[in-house]
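Here the structure comes first, spelled out in C-alpha cells, and everything after it is commentary.
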Amino acid sequence: MKLVIVSGRSGSGKSVALRVLEDLGYYCVDNLPLPLIGSLLEQLKGSNDLVAISVDVRNMPEQDKVLVQQLSNLPAGTEITSFFLNSSDKVLLKRYSETRRLHPLSKSRVSLQEAIKLEGKLLEPMSKLVDHYIDTSNLNIYDLSDQVRQILLGSVDKELVIYFESFGFKNGMPTEADFMFDVRFLPNPHWELALRPLTGLDEPVAEFLNRQPLVNKFIWQIENLLETWLPHLERNNRSYLTIAIGCTGGQHRSVYVAEQLAKRFSNGKHKVNVRHRELDHAKA
C-alpha cells in the first residue's frame, strides 16, 4: 500500500496537492489525526492501495520523536511518501488577507501574523522529516500541481479522460459539454429511405457518410483542433473533457462523427469513452 502524507503551513497549497492526488486515484482524507492513520489503512486494506492524507497543525504531536513512533507503527509494507509545503510569512499573510479565511490558530486570540509564525514553529519538526519540501511562495496552483505529479509519476503529464457524446438538438443540448459541434449542415442519411431506420453505428450509414468530402474534412479539422489544444487542457488540471457532437435527431451524423473522433484519439495517449445519448435513451 502506498501512503502519501501532505503537511505544511496553512495557505501553502495542501488542498491543491490533495486534489492532484485525488485525480491520480488516491483515496484522500483531509486533516486526519496521525494516530488514526493505522486504522484507516487497515479499513482500506484490499480495497484501495493508494491513500493520501493531509495533516493539520492541530493534529501534530509536539515532539518529533512521537511523530516518528506513530509512523513506525503503520502496517508492514506501507510505502510512505511525505510532502511539506511552505511559503514565506509575507506570502501567507497576503493569501489569507485575499481569501479572508480564518487561520487554524487564530482562535487562540492571536493576530494573523502571530498565528502564521506560531504555526511555522510548531511544524518545524515535521518539515525536517519529510521526503519532499516544496516552497510554494512563487508557485501558482498549476506549477504546484506539476511538481507533485513530477515527484510521484516522474512526469508532469496527467491522463485526461475524453468523452465523445452524440446528441440530437431536438431533445436539447447537453449541459456538461466543454466543446460542442453542430453537424446539422452535413449531408443527412435521413433522406435516404434505406438508411433512415439505421444509425451511425451501422455500416451502410458509415459508408454513406465516409463518401462525403465535407464530412471527412469536418472530422479532420476537429481532430486537428483538439490535438492542438489537448496538451494545454491537460496542463490546466483537468481530469476529463467532454466533446458533444449534435445533429437534428442524434441518430446518424452525430453518432458517426463521434465514433470516428473516438477511434482517432484511441491511440494509447488518452483514455477515450464514447456515448450516444439518443441511442442510449432508445434502449432504456
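First residue shown is number 1, and so on along the chain.
Each residue, glycine too, has its Cβ placed from N, Cα and C.
Pulled from Swiss-Prot, these are the features on record:
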BINDING   GLY8, ARG9, SER10, GLY11, SER12, GLY13, LYS14, SER15  ATP binding site
BINDING   ASP56, VAL57, ARG58, ASN59  GTP binding site
Using Cα-Cα distances with a 10 Å cut-off, which of the binding-site residues ASP56, ARG58, ASN59 are near SER10 (ATP binding site)?
ASP56
How many other Cβ atoms sit within 10 Å of the Cβ of GLY13 (ATP binding site)?
28
Please identify which of GLY8, GLY11 has the densest Cβ environment, defined as other Cβ atoms within 10 Å, among these binding-site residues.
GLY8
Here the binding-site residues are SER12, ARG58; which one has the lowest number of other Cβ atoms no more than 10 Å from its Cβ?
ARG58
Sorry to bug you, but what's the C-alpha spacing from ASP56 (GTP binding site) to SER15 (ATP binding site), rounded to the closest Å?
11
Between LYS14 (ATP binding site) and ASP56 (GTP binding site), what C-alpha distance do you get in Å?
9
Greatest C-beta neighbour count within 10 angstroms, which of the binding-site residues SER10, ASN59:
SER10
Within 10 Å of GLY8 (ATP binding site) (Cα to Cα), which of the binding-site residues VAL57, ARG58, ASN59 do you find?
VAL57
Name the residues of the same chain, 6+ apart in sequence, whose Cβ is under 8 Å from the Cβ of ARG9 (ATP binding site)?
VAL57, LEU85, ASN86, SER87, LEU92, ILE116, GLU119, GLY120, LEU123
Between SER12 (ATP binding site) and ARG58 (GTP binding site), what is the CA-CA distance rounded to a whole number of Å?
16
Give me the sequence-ordered set of same-chain residues, not including GLY8, ARG9, SER10, GLY11, SER12, GLY13, LYS14, SER15, with a C-beta within 8 angstroms of the centroid of the ATP site's C-beta atoms.
LEU85, ASN86, SER87, THR136
What Cα-Cα separation, expressed in whole Å, is found between ARG58 (GTP binding site) and GLY13 (ATP binding site)?
17
Please report the three-state DSSP label of ASN59 (GTP binding site).
helix
Please list residues from the chain of ASP56 (GTP binding site) whose Cβ is under 8 angstroms from its Cβ, counting only those at least six apart in sequence.
SER10, ASN31, PRO104
